[in-house]
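Student: Annotation source Swiss-Prot lists transmembrane segment at 16-36, 66-86, 156-176, 252-272, 278-298, citing sequence analysis. Annotation comment: Swiss-Prot describes 29-313 as domain 'ABC transmembrane type-1', evidence class sequence analysis. Among the features that Swiss-Prot reports, domain 'ABC transporter' is placed at 345-581. Per Swiss-Prot, ATP binding site is recorded for G379, R380, S381, G382, S383, G384, K385, S386, and the stated evidence type is sequence analysis.
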Amino acid sequence: MTQSTEQSTLDTYKRLWPYISFYKAGLSVAVVALIINALGDTLMLSMIKPLLDESFGGLDNIESDFLSMMPYYLVGLMILRGASGFVSTYCLSWVSGKVVMNLRRGLFNHFMKMPVSFFDKESSGALLSRITYDSEQVASATSSALVSMVREGASIIGLMALMFWNSWQLSAILLVIAPVVAFSIRLVSKRFRKISKNMQDAMGSVTSSAEQMLKGHKVVLSYGGQEVEKQRFDSVSNNMRQQTMKLVSAQAIANPVIQVIASFALVVVLVLANSEALRAELTPGTFAVVFGAMFGLMRPLKALTNVTSQFQRGMAACQTLFELMDLEAEEDNGKHKIARVNGDIQVKNVTFTYPTKDTPALRNVSFDLPAGKTLALVGRSGSGKSTIANLLTRFYDIDSGELILDGREVKDYQLSNLRDQVAVVSQNVHLFNDTIANNIAYASGDSFSRADIEKAAELAYAMDFIKGMPKGLDTMIGENGVSLSGGQRQRLAIARALLRNAPVLILDEATSALDTESERAIQSALEELQKDRTVLVIAHRLSTIEGADQILVVDDGEIIERGTHGELIKHDGAYAQLHRIQFGD
């Protein structure tokens, strides 16, 4: 292992240690139990010497006390090993479970604090793999790997002590062999760490590919994309297989190499034992104990070689998790907090570029939206309409200019307080795998009564279909409302915004998924909702925004026209052209 890799492993483990040491009581019990379990092998071997030496001249020479007590020693030793094995396994599994749970919670909570721009750049499948696969690798490093390291380490120390106690001359060969074995383990550890990192990335690709197919299953079927997805998944899964085989190959090579090195020690012991100088001093019991202990070292050495790969996988995964946790969370430097804003919005010379793009999405955009008024944004797709809505809620920060709410720049508000002032109904509705009632009252706790939820659903014209559901408002709707139609999902999103009763309302294609009849019904409810509120409407259907106090036409990130519906029609510009296209005038 290179010095940098060693330092990386050490630094990672130092950072992981507080998670483990928090449960030091369980860890201490487990370590003590592991040491007791490991020393059982040493105790078993130590009994060989008195048995052989005392019976060297025949069974009649065996001391009756020792022989009579042997069955009790063996039974007691087996019980002790069994009990210590159970205690160590249970305690370490408990500790590792707690550690992984806290890591997962920490990562999950950190993801919720990350800016939207982070998720624009990252694959959701890869991030899911970090929470699931990578954290499980950490569990291996803190449970089974730690079990092997402590138990086999104690076994090696115990067996070596037994060997030197009985014959330091025969055991001295270990002083030569041990550094060679240690060097070999360091070499394979470097290889294990590199492969483990590649396996994490490969698993992220597998998860991402599978997630894309599952979420886009209807599109795959509609366009006959089965072969495309099959080839994509075949490629990433084969890459995962290749990385796994590289790890297996490294393990398969490392084990016999370590055992061959250790076997030289056995050969040297046999040669030395055959020399006249030592032969006169050795008893059968001494030789059997030393040779048996040296042979017994094979198993823990092999186990330590195997566990090195497991430990390095855990450390590589842990390093990745900590790197994600170290990413800067969404900035929230605002101090201003208010119970309810009036809703007066001013946008002054705002320019904004998405982090993943090179060209600005908005260029020097300016407009005023007085409190209680309605402003509509229209234009072709990709012109920058929804971007303005994202900036009002500070999902992104502007490059230049000013974005003002009630006389204060939005960056001066506490993020949570700012977003409490705004209710958003987007064309991309997200619902949770929960009841209809809990989706409408999402994240509100006990702030709203059942009657409040029903009223919001009524205003959104959602009760018509809710009453037909098996359990009404208590019906589970599946992941992202999979059991509902597009229009039904949109109505629940509108009900959620109605219940929130925020002073600023953003309707981003809010009725795009509704049929004409439902749109008319909801439009009436939305018009009622808009009273005494500041409303920003983003729409393709011009019929929904004809009554707006002001309409802005956005094209390529710039406002090219502004005015009321009548003024823009009279102007006979871009808006009038859009109107003619939609209504066939």
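In case you wondered, yes, glycine gets a Cβ from its N, Cα and C as well.
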Student: Counting only residues 6+ away in sequence within the same chain, which have a CB under 8 Å from the CB of G382 (ATP binding site)?
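Tutor: Listed in sequence order: nothing, so none.
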Student: Which site among G379, G384 has the most other CB atoms no more than 10 Å from its CB, taking these as binding-site residues?
Tutor: G379
Student: Look at each of the binding-site residues, S381, S383, S386, and point out the one with the fewest other Cβ atoms around it within 10 Å.
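Tutor: So among S381, S383, S386, the binding-site residues given, the one with the fewest Cβ atoms within 10 Å is S381.
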Student: With every protein chain in view, how many other Cβ atoms are within 10 Å of the Cβ of R380 (ATP binding site)?
Tutor: 13
Student: Do any residues of this chain, six or more beyond the ends of the transmembrane segment (66-86), have a C-beta under 8 angstroms from a C-beta of it, and if so which?
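Tutor: Cβ under 8 Å, 6 or more out: 33-34, 36-37, 40, 43-44, 47, 50-51, 54.
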Student: Where does K385 (ATP binding site) sit in the DSSP three-state scheme?
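Tutor: For K385 (ATP binding site) - judged by DSSP and reduced to three states - the answer is helix.
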Student: Setting G379, R380, S381, G382, S383, G384, K385, S386 aside, what same-chain residues sit with their Cβ within 8 Å of the center of the Cβ atoms that define the ATP site, listed in sequence order?
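Tutor: What remains near the Cβ centre is V554, D555.
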Student: Let me check the 10 A CB neighbour count of K385 (ATP binding site). How many other CB atoms are there?
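Tutor: Other Cβ atoms within 10 Å of K385 (ATP binding site): 25.
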